Amino acid sequence: MESQLRELRELEPEVKNASLGIPLRGSSRDVYGEDSATEDQLVTPWVRAVASGCELLRDPRYNKGLGFTERERDIHYLRGLLPPAYFSQDLLEARELDNIRGYEDPLQKYVAMMELSERNERLFYKLLIDHVEELLPIVYTPTVGEACQKYGLIFRRPHGLYISLKEKGRVLDALRNWPEKNVQVIVVTDGERILGLGDLGLQGMGIPVGKLSLYTALGGIRPSLCLPITIDVGTNNKKLLDDPYYIGLKQKRVTGEEYDSLIHEFMVAVKQEYGEKVLVQFEDFANHNAFKLLAKYGRSHLVFNDDIQGTAAVALAGLLASLPLTGGTLADHKFLFLGAGEAGTGIAEIIAMEISRQGGISLEEARTKISLVDSKGLIVKSRLESLQHFKRDWAHEHEPCKDLLTSVKALKPTVLIGTSGQGQTFTKEVIEALASFNKKPIIMALSNPTSQSECTAEQAYTWTKGNCVFASGSPFLPITIDGKTYYTGQSNNAYIFPGIGLGCTMSGAIRVHDDMFLKAAEALAALVTKEHLNLGLVFPPFQNIRKISAHIAAAVAETAYEKGVATRLPKPADLLAYAESCQYSPSFRQYR
């Protein structure tokens, strides 16, 4: 570096004081030719090798703001670059929380949190961990849905990698541009089915960013090991295509061979760059691609689909935890779904797997206890030829039913689960019909964001006169009916996927096995106490999520060792203690 600078100085003409005719020494010289270059000339963006001074303050991984001590300010050339006050991390955290609470609009709070992550990474995670119940709805559902819709407007600094059709043939080069070389967890989306909001194209990046912030905050995976990626193949959202501020490709989505080849290039490049043990989570892909990609790469890569498998595991945990309230076993219940997409069929399949395992019956027999309703009515055998492949296992012998209400009356289910993405579809007539033949039905309105929830907590408890077990995909405030207060358990994927990720990374797993999700669900359900159930909660409080994730990680890792897909040997004697020891701490570090 010094020799390069010397050469540049020798080549640069001396700048002289016009009046004195002598060289200017000690002034701010245009060493790199940046100021003297015209707009069409090329300049080189030089940076220092070691961050100090302003560079250190601008690096979110190491910046502590007013948290730099007097000694650190001296040895890292920060003297004069900061106000003289010193704030502890706790005081900085309190200040940031006051700022966040000062905003009334949830989207403003989201933007403020993202800006904090861009300037002070450890403070961001400490704030999120210490106030997870308050801030989780801000950095993830439901606020992240609005953030994705307005991503072009609120975009400030790039997060993660944006791989578009322009990178076709050069995906590996794009991956190598990412500064962190030891990546262990990737969340990737193509933006076609963002939450219940549909095709948001590149603006779906808010989902991988949000998911990976939870991998760190809730699961304890180091942020440097996490990489959010959006694959941009266009969008069919006309509103976005006409939006001058849309930041993605302005073209219709490509499909078929062109789409498949880009995804395949990406999957090959990921393994080539990061190895066999990098976990790839598929997120918010449309049904026609989600199942195909999971089937195609499940045997060759460490992958899972959170919308299919993560949603399924957390819903199963809620059902298992509900059994002390309803009585009987899982096999004693009759299940009816509204929604037969990736979430609905994924939950249905894991329920069938658990019934099969517990009851010692075949998977096919277990499936007969579960029925699904899609946009055309009840899925029955007479519709088999017209069904998409992932719905066919759920086509049972039954008379056709045109809608949900008719299906409820005909089948008399004990459990009603909504994954439709359609708000207010659990109507008063549907809920009252369900309650008419059940002492304590289980109602799970899992669609999110809140506007897409099949019903609210208040509606479910009111229409059943408080005689139901209710869980939702979005958060709801406590409800008081006839003097009794009911708390809603949120069937949030954030209970499961951080623990799955931690369990895979700590065991060095090379494949994700279905039994990992069964064990994760059982581990989560086991953490629900009698006190929680008395409040109406079928999930443990989020304030304990780091310990919950450690328990799930231990169960997942145990399964990895049992199935022979773990590579980190020897196996730790105490997997729970090992999981807790692997979790990232966001406390400020002292610099030397």
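The backbone N, Cα and C atoms fix where each Cβ goes, and this holds for glycine too.
According to TrEMBL, the protein carries these features:
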ACT_SITE  TYR140  active site, proton donor
ACT_SITE  LYS211  active site, proton acceptor
BINDING   ARG193, ASN448, ASN492  (S)-malate binding site
BINDING   GLU283, ASP284, ASP307  divalent metal cation binding site
DOMAIN    117-298  domain 'Malic enzyme N-terminal'
DOMAIN    308-561  domain 'Malic enzyme NAD-binding'
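The record assigns ARG193, ASN448, ASN492 to the (S)-malate site; their largest pairwise CA distance measures 18 Å.
For ASP307 (divalent metal cation binding site), the same-chain residues 6+ apart in sequence whose C-beta sits under 8 angstroms from its C-beta are PHE282, GLU283, ASP284, PHE285, ALA290, GLU342, ALA343, GLY346. Mean per-residue pLDDT, taken over the domain 'Malic enzyme NAD-binding' (308-561), amounts to 95.
Note: the Cα of ASN492 ((S)-malate binding site) and the Cα of LYS211 (active site, proton acceptor) are spaced 12 Å from each other. For TYR140 (active site, proton donor), the number of other Cβ atoms no farther than 10 Å from its own Cβ, over all displayed protein chains, is 25. Only TYR140, from the recorded positions TYR140, ARG193, ASN448, place their Cα within 10 Å of the Cα belonging to the residue listed as 'active site, proton acceptor'. For the recorded positions ARG193, LYS211, the ranking by surrounding Cβ atoms (within 10 Å, all protein chains) places LYS211 first. Listed in sequence order, the residues THR189, ARG193, ILE194, ILE207, PHE282, PHE285, ALA290, ASN305, ASP306 complete the 8 Å Cβ shell around the divalent metal cation site centroid, once GLU283, ASP284, ASP307 themselves are left out.
For the pair ARG193 ((S)-malate binding site) and TYR140 (active site, proton donor), the C-alpha distance works out to 16 angstrom. You'll find the Cα of ASN448 ((S)-malate binding site) roughly 11 Å from the Cα of the residue listed as 'active site, proton donor'.
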